[in-house]
Amino acid sequence: MSQANPSVGPWALWRDRLLKLQSDKPHLVLLGLMLFLAFLAMDPATWFVLTISGMAMGTMLFLMASGMTLTFGLMSVLNLAHGAFISLGAFVGAVMLTGALGVYTVSPSLGWNLLAILPALFAAMAVAGVVGWLFEVIVIKPVYGDHLKQILVTVGGSIVLIQLIEVTWGANEIPVPRPGALRGAFVIEDWVPLIGGLVMEKFRMVALLLGLTVYGLMLWVIDRTRLGILVRAGVENREMVEIQGYRIGLLFLGVFIAGSALAGLGGAMWGMYREIITAHMGEELMISVIVIIILGGLGSIRGCFYGALLVGLINLYIGYIEPRLAAVATVGLMVGVLMWRPQGLIPVIKV
Amino acid sequence: MLQSILSGDLPRSRVLSVALIAILIALALGPFLFPGTRAFATLGMICVFIIVVAAYDLMLGYTHIVSFAHTMFFGIGAYGVALGIGHFGSGFGAIFIGILGALLLSAALALLLGLLSLRVKAIFFALVTLAVAFAFLSVVTQMYHITGGEDGLRVRVPRELGPAFRPLDSVTGFDLFGFLGVLFTQPWNLVDGFRDAFFTVRFTGRTLMYYALFLFAGVIFLFLLRLVNSPFGRVLQAIRENEFRAQALGYRTVLYRTAVVILSALLTTFAGALFALFNRYVNPENTLNFELMIFILLMCVLGGMGTLYGAIIGAVVFVVAQNYLQDVLGALSEAVNVGGFVGSLIEPSHWLLWFGLLFVASVYFFPSGIVGQLRIWARRREVQQAVAERQAESSARERLT
């Protein structure tokens with residue numbers, strides 16, 4: 001553009017670049033803007049801690065939200081019962097951690113802890129996945145293609161699932177023990193410049209690592225494998241994939257099960273993070289999940305990840321400045337982004 | 001006469017007509033037929049929910065706009081009255097100011113939501129309203145110095161609407177269910193049962209408030225019935241069936257959609273205000289909770305979307321189930337008395353489980369709800385009768401020739 005009009009100075013060039021950036025990479029612009037504004041509003045050490053914690057929270061939210069966004073993207077099924085799977089995962093994880101594997105949980109050594117944590121997370125994923133399978137076949141399959149009925153049926157199904165959780169594990173809050181080795185915090189050595197002497201909670205680091213690993217795995221599956229190609233093609237044009245002879249129903253079922261399992265995983269992690277769970281926790285988390293998938297653009301894994309980071313960060317930043325406004329800020333962020341880009345940050349489908 | 005009161009939208013099913021008349025009588029004479037505070041509260045909640053669900057049906061059933069922010073408007077109305085009375089003392093002026101303020105706020109918020117729905121597609125709207133309603137709930141819960149937080153606010157209603165006001169003394173009521181119970185269980189004691197069924201009604205300001213509520217519910221319902229059978233209502237149904245086509249015919253569907261969202265919000269706000277005056281206690285749980293939103297959705301769908309009569313049927317069925325299904329389940333679990341998982345399935349506190357199952361099943365098998373299904377059956381019977389008559393006619397004619 002600057003070639004076409006040689007009279008523009010360097011400022012106009014930069015403005016053009018910025019405009020291009022905000023239309024090409026809105027997620028990075030927004031993320032950078034938020035980090036920058038927060039950096040101005042607080043001292044660097046607090047900012048660093050909050051940023052890391054916010055990203056940890058964001059990656060946990062990403063685990064929960066990714067399934068829902070893919071479900072919508074692939075089959076345009078809006079599953080409002082997704083929160084129930086989060087609760088389910090949290091309860092299964094908690095039962096594993098306190099029940100048979102309780103001995104390993106309380107041990108202070110990481111090796112023994114892993115003997116409890118890995119089966120707990122695996123069980124949470126397995127149970128949520130199996131229930132998700134049943135849920136898809138029994139509840140959702142009959143109402144493909146009808147959004148209104150999907151909303152109604154999944155709301156009803158969500159009530160039933162949450163009630164069943166209450167029937168099985170009681171209506172009261174359940175404390176979840178955090179594994180021994182993950183309690184407490186790291187202290188960064190004093191000699192490290194800028195961030196020396198900071199205290200980082202261990203569990204958040206683990207959550208961040210796990211979240212990033214899952215995100216990396218999902219990107220690999222979506223970008224590099226045959227399965228991923230099919231999923232992406234299905235999101236873009238379902239009928240075309242069907243015409244090629246692929247059984248999109250089966251593919252969708254697989255995605256739904258994986259999404260439910262991830263919700264269960266996120267729920268189990270969230271339970272360990274909060275150290276207390278209720279059957280209704282999934283419903284409360286659904287708000288964040290919904291904001292995330294709207295922010296990211298329905299159906300987009302990358303958008304979902306950045307949306308989750310944004311929601312996690314704004315929650316902690318605003319929660320630090322004025323705790324009472326955290327929820328409002330989250331929803332405000334969503335409304336603002338919708339006004340700016342109604343299709344979400346990284347849209348992949350035309351709804 | 002009846003045609004013009006009901007705006008030409010008759011129940012169109014004999015069973016439905018009978019049920020509606022029974023409900024009308026029960027609500028009109030309620031305080032004189034069902035003794036006890038619990039029954040009184042149930043009657044009041046039915047009236048409140050008839051307004052709320054009918055207004056919701058205007059959006060969901062007639063225009064296919066799925067909104068989860070309905071409780072937000074309900075809460076605005078309830079808190080508006082509570083705050084008005086809290087600030088200006090318990091007079092009717094304070095109530096008026098409170099309602100006015102609440103209506104203005106609701107209209108502004110609904111306009112914003114409606115404008116937002118311009119920018120996003122229909123399916124987004126449901127999600128956006130869900131998030132906005134949640135943010136509102138969190139604001140109300142957090143601003144405890146104004147709204148009382150989780151504890152909520154007590155509404156000191158004017159003396160004329162409170163229990164201390166006694167305009168009428170010693171009115172006699174007739175305990176219908178008590179009498180029916182005697183009639184079916186011990187008919188030999190019929191005379192005694194008949195005598196025992198009479199009870200003294202405490203006709204207080206609360207009873208007056210109930211009748212005000214009943215009156216408003218009736219008027220608003222008839223207004224909505226008029227609205228959906230007007231040209232405006234036809235356009236809404238056109239939008240529901242095919243928005244693109246309605247647009248192509250030259251209707252500004254966005255205008256209509258926004259108008260419906262605002263109107264529904266205003267009516268719900270008003271219902272919230274009436275609820276605050278009737279219940280005399282307002283907190284986030286009874287006005288803003290997400291569960292309440294789901295209940296409204298359940299009532300609307302169960303009664304029958306797109307049929308305003310469904311709002312009445314749905315509200316009655318749900319509120320009665322909410323209040324009395326627990327008793328039934330309690331009796332059942334005592335009678336069956338099995339422990340373990342199966343036992344806890346029929347525990348009274350898990351009534352919602354059964355209602356949820358019923359709801360899912362009804363969406364599959366009776367998607368048009370109770371009212372819609374009754375109308376379908378009535379129509380089918382009519383058609384069958386017409387066919388039978390024509391056959392009889394033609395066979396008679398054959399016999400003549």
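Here the Cβ of each residue, glycine as well, is placed from N, Cα and C on the backbone.
When Cβ-Cβ distances below 8 Å are used as the criterion, the transmembrane segment (B:15-34) is approached by residues 40, 42-43, 46-47, 171-177, 201, 203, 207, 210, 214, 309, 312-313, 316, 371, 374-375, 377-378 of the same chain, each at least six residues removed from its ends. Marked as transmembrane segment by TrEMBL: B:15-34 (among others).
Per TrEMBL, transmembrane segment is recorded for B:41-59 (among others).
The transmembrane segment annotation in TrEMBL covers B:65-85 (among others).
Look at TrEMBL and you will find B:92-116 (among others) tagged as transmembrane segment.
Feature annotation from TrEMBL assigns transmembrane segment to B:122-146 (among others).
TrEMBL lists B:208-228 (among others) with the feature transmembrane segment.
Away from its own ends, the transmembrane segment (B:254-278) comes close to residues 44, 47-48, 51-52, 54-56, 58-59, 62-63, 65, 67, 70, 73-82, 95, 98-99, 102-103, 106-107, 109-111, 113-115, 117-118, 155, 157, 161, 206, 209-210, 212-213, 216, 220, 224, 227, 232, 235-236, 239, 287 of its chain (Cβ-Cβ under 8 Å, at least six residues beyond either end). Annotated transmembrane segment per TrEMBL: B:254-278 (among others), in sequence order.
Within the chain, the transmembrane segment (B:290-321) has long-range Cβ neighbours (under 8 A, six or more residues past its boundaries) at 9, 11, 16, 19-20, 23, 42, 45-46, 49-50, 52-54, 56-57, 60-62, 68, 70-71, 74, 133-134, 137, 221, 224-225, 228, 237, 240, 351, 355, 358-359, 362-363, 368-373, 375. Annotation comment: TrEMBL describes B:290-321 (among others) as transmembrane segment.
Taken from TrEMBL, the feature transmembrane segment applies to B:328-346 (among others).
The annotation transmembrane segment is assigned in TrEMBL to B:352-371 (among others). With a cut-off of 8 Å between Cβ atoms, the residues of this chain six or more beyond the transmembrane segment (B:352-371) that come close are 11, 13, 16, 298, 301-307, 309-310, 313-314, 317-318, 321, 325, 329, 345.
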Best-contacting stretch, by C-beta pairs under 8 Å, relative to the transmembrane segment (B:208-228) and drawn from B:41-59, B:65-85, B:92-116, B:122-146: B:41-59
Chain residues outside the transmembrane segment (B:122-146) and at least six past its termini with a C-beta under 8 angstroms from it: 64-72, 75, 79, 83, 113, 116, 284, 288-290, 293
Same-chain residue ranges lying at least 6 outside the transmembrane segment (B:65-85) that approach it to Cβ under 8 Å: 52, 55-56, 59, 94-99, 101-103, 105-106, 109-110, 113, 117, 122, 125-126, 129-130, 132-133, 136-137, 140, 146-147, 153-157, 257, 260-261, 264-266, 268-277, 282, 284, 287-290, 292-293, 296
